[in-house]
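**Q** From TrEMBL, for reference:
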REGION    359-379  region 'Disordered'
COMPBIAS  361-370  compositional bias 'Polar residues'
DOMAIN    414-491  domain 'Recombination activating protein 2 PHD'
BINDING   Cys419, Cys423, His455, Cys458  Zn(2+) 1 binding site
BINDING   Cys446, His452, Cys478, His481  Zn(2+) 2 binding site
Amino acid sequence: MSLQMVTVSNNIALIQPGFSLMNFDGQVFFFGQKGWPKRSCPTGVFHFDVKHNNLKLKPAVFSKDSCYLPPLRYPAICTFKGGLESERQQYIIHGGKTPNNELSDKMYVMSVVCKNNKKVTFRCTEKDLVGDVPEARYGHSIDVVYSRGKSMGVVFGGRSYIPSAQRTTEKWNTVADCLPHVFLVDFEFGCSTSYILPELQDGLSFHVSIARNDTIYILGGHSLANNIRPANLYRIRVDLPLGSPAVNCTVLPGGISVSSAILTQTNNDEFVIVGGYQLENQKRMVCNIISFEDNKIEIREMETPDWTPDIKHSKIWFGNNMGNGTVFLGIPGDNKQAVSETYYFYMLKCAEDDVNEDQKTFTNSQTSTEDPGDSTPFEDSEEFCFSAEANSFNGDDEFDTYNEDDEEDESVTGYWITCCSTCDVDINTWVPFYSTELNKPAMIYCSHGDGHWVHAQCMDLAERTLIQLSEGSNKYYCNEHVKIARALQTPKQVPPLKRPPLKSLHKKGSGKILTPAKKSFLRRLFD
């Protein structure tokens, strides 16, 4: 195993915990930037170009018939071999965190429609699901099993927000384990079916999943309910006869306690587990080899790489699989330096290759990462971003037209959503009016119906009232829904009545002359 530092030549701020890497015929693409796509890359997908340990992000292109793909973080991703020759390899994307801090329940299919020496053109379509649709989640896994000439997607684990009836302004971002149900998804017809297996008792997130033929192996993971990382190893087998599918689960010995580990494949029957956490405040520095032989799985420790002092002393790390036995790792920068990068990045090569450095073919496998965010040292972060429509690049544009100077500074522009019909927060010029969370907009949660967020600025809420609402647990109703149920709604300011001139008063009096006493009374009345 060899560890090499990678220099990021442009847009290093886009690489944040929660990103994904996808491989299409040897080319790796970056997906899941923090925040919405910028003007320079409205698709939010970048070519992950690594040459001589130098990384450059080059914007990708989508076809005009593609649907919009938001920059999802912590989604479940897997490869799927389609039947058409032009779509031999596809990527299935499910769930994840959207930029407005909601969780997605949508499923997208990405494929390559055009490829030349300069750029790759993608097509993204949204797959509608019916039946037992998995709830919106993140930190879960999706894999594809093949049985009897048929294929089926398998969704398991993850986290979701607590039910809407329990979500108050205080606990709006509280997450919980998803139920330990196994979902089978038919990619052709979009049918989804839920299965309850008695062996799966606890919800797990940020686990490792490996799919081989008709079997999926679930390893490790984190349970929020018990705050443990159980050393479990499950084998889920899916049989796809002509009738209804049959799903069974077996608990195997030899599991390991780890969450947020990165899985990379070194050959057909061998995988390597890198990184992750074994405790809430302790990284797992040990690497493991997972080997398969005659449908038997074996997990054993392997020689650890020569970790640098920065990696050893860092409290957090994250990354993803680049394929070909290579893992991309990131750690926070050194805040002690006068000029410091947000993150430092490394490439860990778990398998030696005989090919030239510039000719290496990377493969990708689904993996999850935990975000060093606000709630716990290693778990998920909560933030608000804004949404926008996607535009496709001009077909004649080349990757090298990307200009990092075009990027907006999110620290001053803030985040944007349309909160009401009269929302006047500008997507480009929004400046924090007042905020309790650094540069995030001051917002309040309206409890009408399923609930929605509104800007305190658009609701004419005073800062004192906003603080009062954020500290309490009372329900709030915005200006549009206050007539339905009144609570702590701030009354609208009533403009003062204009004092009409005496001439108009004289006209309204039907020709009668006002005495000085009546004039004085009317002035006091209107004043």
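Sequential numbering from 1, following the chain as shown.
Glycine is treated like the rest: Cβ placed from N, Cα and C.
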**Q** Give me the mean pLDDT over the domain 'Recombination activating protein 2 PHD' (414-491), rounded to a whole number.
**A** 68
**Q** Using a Cβ cut-off under 8 Å and a sequence separation of 6 or more, which residues in the same chain sit near Cys458 (Zn(2+) 1 binding site)?
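**A** For Cys458 (Zn(2+) 1 binding site), the qualifying residues are Cys419, Cys420, Thr422, Cys423, Asp424, Val425.
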**Q** Excluding Cys446, His452, Cys478, His481, please set out which residues of the same chain place their CB within 8 Å of the center of the CB atoms of the Zn(2+) 2 site, keeping sequence order.
**A** Cys420, Tyr445, Ser447, His448, Gly451, Val454, Tyr476, Tyr477, Glu480
**Q** Quick one: among the binding-site residues His452, His455, His481, which has the most Cβ atoms sitting within 10 Å of its own Cβ?
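**A** The most densely surrounded of these binding-site residues is His455.
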**Q** Any idea what the Cα distance is from Cys478 (Zn(2+) 2 binding site) over to His455 (Zn(2+) 1 binding site), rounded to a whole Å?
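**A** Rounded to the nearest whole number, the Cα-Cα distance is 10 Å.
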**Q** Using Cβ-Cβ distances, find the residues under 8 Å from Cys446 (Zn(2+) 2 binding site) that belong to the same chain and are at least 6 apart in sequence, listing them in sequence order.
**A** His452, Trp453, Val454, Tyr476, Tyr477, Cys478, His481
**Q** Test of understanding: give the count of other CB atoms lying within 10 angstroms of the CB of Cys423 (Zn(2+) 1 binding site).
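**A** Taking all protein chains shown, Cys423 (Zn(2+) 1 binding site) has 15 Cβ neighbours within 10 Å.
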**Q** Using a 10 Å cut-off, grab the number of neighbouring Cβ atoms around the Cβ of Cys419 (Zn(2+) 1 binding site), all chains included.
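**A** Its Cβ shell of radius 10 Å holds 23 other Cβ atoms.
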**Q** Neighbour count, 10 Å Cβ-Cβ cut-off, for Cys478 (Zn(2+) 2 binding site): what number do you get?
**A** 21
